[in-house]
Amino acid sequence: MKVFDLLGPLPAPNTTTVLEASAGTGKTFALAGLVTRFVAEGVATLDQMLLITFGRAASQELRERVRAQIVAALVALDDPSRACNDLEEYLVKTDQQARRRRLRDALAGFDAATIATTHQFCQIVLKSLGVAGDSDAGVTLVESLDDLVSEIVDDLYLAHFGGQKDDPELSYPEALKLARVVVGNPATQLRPRDPDPDSPAAVRLKFARDVLAELEIRKRRRGVLGYDDLLTRLADALEPEDSPARVRMQQRWPIVMVDEFQDTDPVQWQVIERAFSGRSTLVLIGDPKQAIYAFRGGDIATYLRAAATAGDKQTLGTNWRSDRALVDRLQAVLRGAQLGGPDIVVHDVQARHQGHRLVGAPRNDPFRLRVVSRKPGNTRVIPIDQLRRHIGRDLAADISALLNSGATWCDQPVQAKDIAVITETHKDARACHAALLAAGIPAVYTGDSDVFTSEAAEDWLYLLEAFDQPHRPGLVRAAAATMFFGETAESLAAGGDALTDRVADTLREWAGHARERGVAAIFEAAQLAGMGKRVLSWQGGERLMTDLAHMTQLLQDTAHREGFGLAALRDWLRTQRSERGGESERNRRLDSDAAAVQIMTVWVSKGLQFPVVYLPFAFNRYVPEPDLVLFHDDGQRCLHVGGADPAVARAGRAEAAGDDSRLTYVALTRAQSQVVAWWAPSYDEPNGGLSRLMRGRAPGEAIVPDKCSPPKISDEDALERLRAWEAAGGPVIEESVIGAVSPVPPEPAPEDLAARKFFRAIDMAWKRTSYSGLLRAAETAGVGVSSEPEVTERDDEFDDIPVVAPAEGADVPSPMAHLPTGAAFGSLVHAVLETADPFAEDLTAELATHIDAHSQHWPVEVETAELAAALVPMHDTPLGPLAPGLTLRQIGLRDRLCELDFEFPMAGGDLRGGRFARLSDVGELLREYLPADDPLAVYAERLSTGILGVQPLRGYLSGSVDAVLRVGEKFVIVDYKTNWLGTGDGTLTAADYGRRRMVEAMLHSDYPLQALLYAVVLHRYLGWRLSGYDPATHLGGVLYLFVRGMCGAGTPVVDGHPAGVFSWEPPADLVVALSKLLDAEAP
């Protein structure tokens, strides 16, 4: 195969070029170099190039590398003496001025470059296609469909097997696993094709197909898409030869480069081939020897098929990562090896680094193989648990010796962070982690651990359960034993009821913090109480604190996104702990950024490099007998779901063995200077990747067997085979004898660092608040704890307001007299009134539809039909003097603005210093502007005195106005209220909502303050949006609609005021003055 020359001729227009890389050969550098050349030489501008890779981190790295290469080229063009590599020296030879101009233009417009993951690229294209693609702009892209799949399995399992008396052919856990695997492998044929109709295979196949069909229906119905749907939809849009999508994509991107192409899948290649093959310059860069993501959909057969049809195929021939001595040793073992087939072969590469950069190590051979021996003549295998203990201790001793030896790498002392331990399984990784920590060697490992299964998640659950019922001693003691409090069984017993009561009081206090400032405030309070210092003093404390902080963030984000209170968060956390999801945020985070040995799986290590790499268990691989088998049939990716089938099992094992051979290649090639591996006679040693490479084949043989033969072998015979590789230039064979372990001295702390001291005074007057927040801040009552709703309920209504004013008008029964009270009911009514169309031909049906939709968030024990019927009369109730002759039914959506969300600064918002007002100043404005006979004039006294009056108006005010109605040229504010104003046990009637009684309710609930703030919001909004705005002309006052008193056209009217409709028109000058006051201007 021809070796690729970055300085050679650029790929010809409208051709496909495959660049086959090897580990460490700099494919990202080659790709960035090609981009720089295309731009510098005027072949294309940066926005005419599409760069695709297969992961977010990879796409970000690629973007940074491309930009850095363009910057470096510009530096060289400005000063040729600063050219740092062959590419830059090539670019400065000719046409410097034009090349400089082109690269500067590219840098200036770099944000226009399309450097994206496959899914991001599909999203961009589908959005731009409009009707040319099967894409709805209103759909939501979700990271995981696991919850939806679980829901479908629940329903279909009941439908398929619920009526059976005998045990079903498919258990529920099997059904759930089957569904998730099938959904996770799109563009895969399900097998067997035609099973016997009554066979178990037919049952499983039908269930799988039904899941896929139902998933499509529910995704459409709910307006959601998974990432794989993006690919499928784009592939469908590109299928016709004359597809407008093809034309647009070819015109936009005449040059396309795909990185990590070995990880492609059939649909991804279908998209790329249909859009660009033969029409754009297509460069595919990948290394089939590193195709290790079959379990994520990566399909090596697709890569090989694409590579076979490419017009030009070249290889990257220089290893920029590893020392020559290591490259030579690895090539002695890997040269010519077929890693899954004759088209996936290890080719020789040349090493860029000719020397050996690791100096002074106790054992400085670049490739070492440590062999665990048995007694002479013994062929019995060693149990893997015993090997994990032995190899873990041997690993720790070897690393300890290296770190204490004074060895250097690139003239710098070897540190723990220069060492990686790479395994295939998390169980092996955990064993290594424990062994290193036991030996006093700093090590970090994140693993596949789900943070929801961690001790931190469990402690958060105990805490949330105690928040809900702080009066139950058992729950309080369980919370006390968590990391948040740190109590033990002994301390709880000794502290007795007094300690339990103190913890309960703290729980109530923390619950108050959560309500005011979110869940993160609980974590902060616990930190201030000493949790961090206590937990970090424990062994593994960094891991625990990292998980606690991670869980806090997830809970905070969920509470903010979903509107959950503490009780809803408790239920959500229980669900998350019982179901494993696919979201990346579930993965535990690195617990320390200190210099430490990095322990990781092979998949995580891909793309990384380390001076020294340890492979303690590459010799061993457990091969399960899966009931769901991925395999290829004549190049077609298939998933066998029909149960046991010997032929399919053999095909699956063969492909799995090829994957494992490639895993071993990836692991071996992470090292820059030294690889240390082990071999031991375990039960699963015949399946191990390293064993099959070295025991399963002799030097010079290409085929790597799927399993070593014979499966059991004596130490003498094993050593004979392994030493043949040593003689051929491979690893140095060492006996695995555990040496002494010396503690690794900690890294010296920098002497020129000191904790910064905080001297500034915190402005306690600044806050982000709301009308309700201003009232809560003035409350002196202690914080109580109760079960909270799943979504934040309205907190500006009172279930039962004590009123003493006599009822007025006729006793027309309230349509809502027998409906529930409470915040959830009020929130449901508000949500329905915000979204229902009053112009609907059948208003009752319209209301019922919206009641059903909103009841998912606001579950209330009320029949839909009953509530819908009760809400119709309010739409026919006269709205009084502010909207003369009108009802809500007569004001359509074009003349109403629902849910006017707002947030505006008070006293300059974030500006430091300066004057600011208090609520008592608002009271003075009311005295100045409200006439004495105004029904709410007495509210000035309430604002001017007491704790409420001293509340500062500084920071940001946020909230939402229920609705604004356009009535002629005026704009009227509307706020819906579901308050119960009845007295005694009598039937609720319109008379309970006369004007005098509503005035009482307004004053009792501080609604005048809410009305004034909303008036300022409307004043500012109209000043921004309405041309020729005049407050006196356009401000139309405030309507507080007490919906329980609105009884329809027959609603009693007293002195021009209908029952249930409170009208108030504060003077426009008052609103303008208040707006200025909130800005800290002189009114």
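Any Cβ shown, glycine's included, is placed from N, Cα and C.
According to Swiss-Prot, the feature active site, for nuclease activity maps to ASP975. Cβ environment of ASP975 (active site, for nuclease activity): VAL961, ASP962, TYR1007, GLN1010, ALA1011, TYR1014, VAL1038, LEU1039, TYR1040, LEU1041 lie under 8 Å away, each six or more residues apart in the same chain.
Feature annotation from Swiss-Prot assigns ATP binding site to ALA21, SER22, ALA23, GLY24, THR25, GLY26, LYS27, THR28. Listed in sequence order, the residues of the same chain lying 6 or more apart from GLY24 (ATP binding site) and placing their CB within less than 8 Å of its CB are ASN319, TRP320, ARG321, SER322, VAL349, GLN609, THR669.
Under the heading Mg(2+) binding site, Swiss-Prot lists HIS830, ASP962, ASP975.
Annotated domain 'UvrD-like helicase C-terminal' per Swiss-Prot: 349-607, in sequence order. Across the domain 'UvrD-like helicase C-terminal' (349-607), mean pLDDT in this model comes to 90.
Among the features that Swiss-Prot reports, region 'DNA-binding and helicase activity, interacts with RecC' is placed at 1-704.
Positions annotated as region 'Nuclease activity, interacts with RecD and RecA' by Swiss-Prot: 765-1083.
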(Q) List the residues in the vicinity of the ATP site, defined as same-chain residues other than ALA21, SER22, ALA23, GLY24, THR25, GLY26, LYS27, THR28 with C-beta within 8 angstroms of the site's C-beta centre. (A) ALA30, ASP287, LEU316, ASN319, TRP320, ARG321
Q. Which three-state DSSP class does HIS830 (Mg(2+) binding site) fall into?
A. helix
Q: Measure from the Cβ of LYS27 (ATP binding site) and count the other Cβ atoms within 10 Å, all protein chains considered.
A: 21
Q: Using a 10 angstroms cut-off on Cβ to Cβ distances, just flag whichever of SER22, THR28 is the loneliest among these binding-site residues.
A: THR28
Q.
Check the DSSP secondary structure of ASP975 (active site, for nuclease activity), expressed as helix, strand or coil.
A. strand
Q: Provide, as an integer number of angstrom, the distance between the C-alpha atoms of SER22 (ATP binding site) and HIS830 (Mg(2+) binding site).
A: 63
Q.
I need the CA-to-CA distance for GLY26 (ATP binding site) versus HIS830 (Mg(2+) binding site), whole Å please.
A. 60
Q. How would DSSP class ASP962 (Mg(2+) binding site) in three states?
A. strand
**Q.** For the Mg(2+) site built from HIS830, ASP962, ASP975, further residues of that chain with CB within 8 A of the site's CB center
**A.** LEU833, GLU834, VAL961, ALA963, VAL974, TYR976, LYS977, LEU1041
